[in-house]
């Protein structure tokens, strides 16, 4: 047996020092009545050319309804403050940056001056804006806003060609929603209408786009911040592909898991491993009260019991066992000399998701480069990191921390979410994440 490498010199700093704090961007975990569950069946593994019955279009197909190459790298941002899309709203068009959020369902923009936003939508200057006169309030895990519903036309410069009439809420008051340093001016909720406020009768942005542009009911998302500083320059980039899948944005196969209920993108987690070791928790612990895929939540959020088990397992398998509890709870940062990187000291995490064939599962593996995240601005000789996993009072949330390693397909037409390996990380000499072949669930299925 070889000797273990010496641990780098480690310092712990309060996360509040020098103006730093735990990431404040966190959306959204509202309680809303679920819709009827979707049923998935058959094999989850898809090659680069799904059948036409899937309702998917590919950019490489001759005669495809939409060319997705124009949508590549249409996002900017980072995991700390979210990823946003440029949009033109109203007549004449007003340019705004809109946060992409798969965990809510309202399309809303700043409708009045706010000290934390650089631009807002002035309805009085748009000849096509029509107010519906309906007040709407949306509350998130952190932050809320109140506004008025209306309609107007939108164009997405790096999106689907054309101009479309969309329900839009103009935000007139907000609390802890627009935060200092964010570069977006509104939010694009891409979840189902069951979450829409004030009621599910409000047609969502993507439903309107599917209806008017005649695109397949699917979108896909790539966020390219793996291994990059949280809340850095905000130029990490990414892609929101509306209407299908762009083959250049992933490597290998796509693995699909069923959407259990059409409100959030709710999926089913069967098992978690740390360093290849099963946590041995009842799978109900992972799914109580739900497990969702949410681009608007910064971290991987775990129910308290699961979080405690993950931290205990990381501590026991990492090469550093001198961390204070503050690092794990997010109140402290861990710092090393800039000549050293800590990622080799931490274990891989694996999440097992139910396959479309309910007797099988597949595994996504998360490297430390995703959940041990660099933070800028501490000192000339130090590189500091935060823990990219937090506890949750309820749901398990696969947030940006995990999604940055994968190309994620939200196939609403077939009620499933797909995962494929994203090549983003490889461009920055960060190892690519891993997707593993199907595993038999066996007796586990009977317990669910």
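The backbone N, Cα and C atoms fix where each Cβ goes, glycine too.
Any TrEMBL annotation is an automated prediction that lacks curation.
Given the structure is predicted, the values throughout are model-derived calculations rather than measurements.
Cβ neighbours within 10 Å of residue 101 (active site), excluding its own Cβ and spanning all shown chains: 24. The DSSP secondary structure for residue 101 (active site) is strand. The annotation active site is assigned in TrEMBL to 101 (among others).
Sequence annotations record features per position, and here TrEMBL assigns active site to 294 (among others). DSSP assigns residue 294 (active site) to coil in the three-state reduction, placing it in neither a helix nor a strand.
In the shown protein chains, 27 other C-beta atoms lie within 10 A of the C-beta of residue 424 (disulfide bond). In the three-state DSSP reading, residue 424 (disulfide bond) counts as coil. Summarising the annotation, TrEMBL assigns disulfide bond to 224-424 (among others).
The disulfide bond annotation in TrEMBL covers 335-384 (among others).
The annotation domain 'Peptidase A1' is assigned in TrEMBL to 83-420.
In the three-state DSSP classification, residue 161 (N-linked glycosylation site) falls within coil. Under the heading N-linked glycosylation site, TrEMBL lists 161 (among others).
Per TrEMBL, N-linked glycosylation site is recorded for 357 (among others).
Look at TrEMBL and you will find 35-56 tagged as region 'Disordered'.
Taken from TrEMBL, the feature signal peptide applies to 1-23.
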Sparsest-packed of the listed disulfide-bonded residues (224, 335, 384) - C-beta count within 10 angstroms: 335
Between residue 224 (disulfide bond) and residue 384 (disulfide bond): CA-CA distance (Å): 20
Residue among glycosylation sites 161, 357 with least C-beta crowding, 10 angstrom cut-off: 161
Inter-residue C-alpha distance, residue 161 (N-linked glycosylation site) and residue 101 (active site) (nearest angstrom): 21
C-alpha spacing of residue 294 (active site) relative to residue 335 (disulfide bond), in angstrom: 29
